[in-house]
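Notes to accompany the following structure.
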Amino acid sequence: MAAFTAVAMTDGTTYATAVAQEWEKVYFSRNIPGCAFALLLGNLYYAWQCGRLGNKEERTDVTAQPYGINTTGVYITLYAINLEALISAGFLNLPSAGATDADIRTAAVNAADHAWKVSVAANFLLGIFEMLGAFFGESIRKAAPAAAFYAPMVGVGFVYLGFVPMLNIAAEPMVCLIPLLIVFNGFFGGVRYHIFRKLTFPIGLLAILAAAIAGWSGGCAREAGTLGATKYGYTLQYFDSTRVTCTGTSQAEAQRAWDTYAFQDNVLSGAIFVGLGGFSEIGSFITTLFLVGVVGFVGTMSCVESASAAGDDYPMAETMIVDGLGTCIGALCGSFYSTTVYIGHPIHKSLGARRGYSLFNGILYFILLLSGVFAALYQSLPECASGAILVFVGLILGRQAFEETPPRHYPALLLSLFPYLCNWAKLGNTNEGIQMMGQGGGMMFSVVLTWLFCLCIDRDFKKAAVLSFAAIWLSLFGFFASHNAANDTVPPTKGNEKIGFYGKEDHEYNNGWRWAISWTVATLFFAAHVSMQKIGLVQGPLEPKFSAVVPFVEKS
């Protein structure tokens, strides 16, 4: 949602703002509720499928296949189809010079509606392609090299799931650094945060909670009108103060989302079966849709194989048909998000899940998405609350692509990143995280963060605490993410771009102190982990000869 809003408003015109506002309405009142039906029916079916297998084999330890939004497919279609459709629709409905406010609003409504119809029609066709995998998937899989199928996965994973959220994390370290470190520790280092005996705190939920606490405590709040607030584009009021804050931490905006979308009678208004009217406009997207469909059913094959290896042998063709059918049902109800079984059956099984979790997921998704509460939830969580988890998903997708590809084809996989980087750059993105990460060629940020990531994977928290402590001083003296770029404004506001010492500047745009505070918290964070290791609450460091793997992510 943020990507569409940002791109739609790049020219700062009233029309662009109106298009962004109307697209938000379409997104929360048609797309999200439409997803509710797909997720409910899919999860109910896979729960039933689980029971059928258990009865057939007379077992009680059968686990349902997890089913949800097709993350890889969504991120490909989001930028390659949905955003392109919105931009094209914006130009097609461009109001004439001298148009009244009413004319501008009407044009914006038409633009958003047109883009939505194209997106929904494309999603329906994608569902058809997914179902075709039941008949042609294996033949296509044998004909093409693995790298060709995994190119979209590694491209989307690296650029849009890994790189883009990492920019947002770098832009707001006081809110986002600790959630990222929690993800590093939990998902890559295998750390488990115990609540009581074997009961542990879910890593993703803990990261989200940490970001929410920091964000609502004012971690990204800035005085309205200052250079920092202006450059970051913050306009949302922070409680009743004179400060502005980032998305997901504004009480007024969360209240507006609740009042506008929660339990309103306009949910799915003009959505059921209407979206297919965009079929005449999707010709240029068919190639992309076919590739996404192929990637989708190849991923489904891997997920079913993974479930079989864990002891639950589900029909391959049936699963592909259900995945595609779920996507089509969602499209008929107004959604442009595809659905699929996803990575994770073995971990659900290892945790003792059966079919009840699938029933619970389906019902919970249905209530949350159809009621309109999701919009308020979106405005109640900082962007990096999920961003840290997306970085994990992006890195895992990249790792998976390399694991499934012969080593001789690694250069081809790396080559596949270039078009996705170009697509991202083509959107004209301006992000303060780039300024943070790119200073001095990006060398110091790269070295420190990579070093720290390795220490998290190895659970060597003593060294991680020492490195974080050193980073405090690197930040204070401008060696780490000092955010001083070339001085191109009058009066001067920034220093020269170089690694070195910078004097204190009389404005809020110098963010070295923010990183110093963030690294101070990180030092305490790792010191606490050292103490927990000593009393046995957290696993000890890995042996040097041991190669750590993500504990619960199976090949898919």
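Each Cβ is built from the backbone N, Cα and C atoms, and glycine gets one as well.
Now, the feature entries from TrEMBL:
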type     : residues : note
TRANSMEM : 28-48    : transmembrane segment
TRANSMEM : 69-94    : transmembrane segment
TRANSMEM : 114-136  : transmembrane segment
TRANSMEM : 143-163  : transmembrane segment
TRANSMEM : 169-187  : transmembrane segment
TRANSMEM : 199-218  : transmembrane segment
TRANSMEM : 271-298  : transmembrane segment
TRANSMEM : 359-379  : transmembrane segment
TRANSMEM : 439-457  : transmembrane segment
TRANSMEM : 464-482  : transmembrane segment
TRANSMEM : 512-530  : transmembrane segment
Same-chain residue ranges lying at least 6 outside the transmembrane segment (69-94) that approach it to Cβ under 8 Å: 3-4, 7-8, 15-16, 19, 23, 35, 39, 107-108, 110-112, 114-115, 118-119, 122-123, 126, 152-153, 156-157, 160-161, 278, 281, 285, 288-289, 291-292, 295-296, 299, 323, 327, 336-340, 342, 393, 397, 423-424, 427
Within-chain partners of the transmembrane segment (169-187) [C-beta distance under 8 Å, separation at least 6 from its ends]: 193, 203-204, 206-208, 210-211, 214-215, 219-220, 232, 246, 249, 382, 384-385, 387-389, 391-392, 396, 431-433, 436-437, 445, 452-453, 456-457, 459, 481, 511, 514-515, 517-519, 521-522, 525-526, 529, 550, 553
Positions on the same chain near the transmembrane segment (28-48), where near means CB under 8 A and six or more residues out: 64-69, 116, 119-120, 257, 260-261, 264, 266-271, 275, 322-323, 326-327, 329-331, 333-337, 339, 341, 355-356, 358-359, 361-363, 365-366, 368-370, 372, 374-375
